[in-house]
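Quick paste from TrEMBL:
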type    : residues                                               : note
DOMAIN  : 5-182                                                  : domain 'Guanylate kinase-like'
BINDING : Gly12, Pro13, Ser14, Gly15, Ala16, Gly17, Lys18, Gly19 : ATP binding site
Amino acid sequence: MSKKGILIVISGPSGAGKGTICKALLERNEYYLSISATTRSPRKGEEDGINYYFLDRDEFKTKIEEDDFLEYAEVYGNLYGTPRSKVQDMLDSGKDVILEIDIQGALRVKDKVDDGVFIFILPPSMEELKQRIIKRGSETPESLMTRFKSAYQEINYVSKYNYAVVNDTVDKAVRKIESILIAEKCRVDRIKEKILDSKEGLIHEQLYD
Ligand code: 5GP
């Protein structure tokens, strides 16, 4: 994959607050948030093409066969996948792209995209995580328990990520992620070619971003 933008993967257990953090990040920055496809039914207020592309299982499977997904995973009985071509187009056009995906999906992306930035969102405590999952109120008691148990196990995967950000307040978490991205854009392995170009007096404008 040749890229100009940075691929940012925001992941972590259900209830850690990934969605809220991504929303706040987008209000303050010019990132592109990838819209996933899913076989789960829309929740109240969710719209096709805005929150997700809602597909049936057959449609989703056709897309898998056509290799349309950068990654996909089964999460709590539903399939979720990241549309590959839109993400690639955005990166090629210089946009930084956020994927808000589960841990299985994040690890698959990590195998394919070695210069992505992988950020794990941690809840402030397990008790807080439980309360957040309950407060969501969109789940049955059984699925609440499943989500809580798997969230507990998923925390172990933090060691596979580049960064861990505790979501104690959304504002603090967002500021930490913004700082991570500022630092990533200064990494020599990302900007080496631009610096070498600039030796001839041709200062690349992206060095000043
Ligand atoms: P929800 O059904 O609550 O919207 O999402 C359930 C889980 O699926 C969340 O952890 C969310 O991050 C994850 N998810 C959403 N889109 C994708 C995707 O495209 N790929 C993967 N692997 N997970 C996703």
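Just so you know, glycine gets a Cβ as well, placed from its N, Cα and C.
TrEMBL does not curate its annotations; it predicts them automatically.
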So for Ser14 (ATP binding site), how many other CB atoms are inside 10 Å of its CB?
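Its Cβ has 24 other Cβ atoms within 10 Å.
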Name the secondary structure element type, per DSSP in three states, that contains Gly15 (ATP binding site).
coil
Which Cβ among the binding-site residues (Gly12, Pro13, Gly15, Gly17, Gly19) has the fewest C-beta neighbours inside 10 Å?
Gly19
Which binding-site residues of Pro13, Ser14, Gly15, Ala16, Gly17 contact ligand 1 in the sense of C-beta under 6 Å?
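Those binding-site residues that pass the cut-off, since their Cβ is under 6 Å from ligand 1, are Ser14.
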Across all chains shown, how many C-beta atoms besides its own are within 10 angstroms of the C-beta of Ala16 (ATP binding site)?
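Ala16 (ATP binding site): 27 neighbouring Cβ atoms within 10 Å.
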Neighbours of the ATP site Gly12, Pro13, Ser14, Gly15, Ala16, Gly17, Lys18, Gly19: Cβ within 8 Å of the Cβ centroid, same chain, sequence order.
Ile121, Pro123, Leu129, Arg132, Ala151, Asn167
Over the domain 'Guanylate kinase-like' (5-182), what does the predicted model average in pLDDT?
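94, rounded to a whole number.
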With every protein chain in view, what's the tally of Cβ atoms within 10 Å of the Cβ of Lys18 (ATP binding site), excluding that atom itself?
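Its Cβ has 22 other Cβ atoms within 10 Å.
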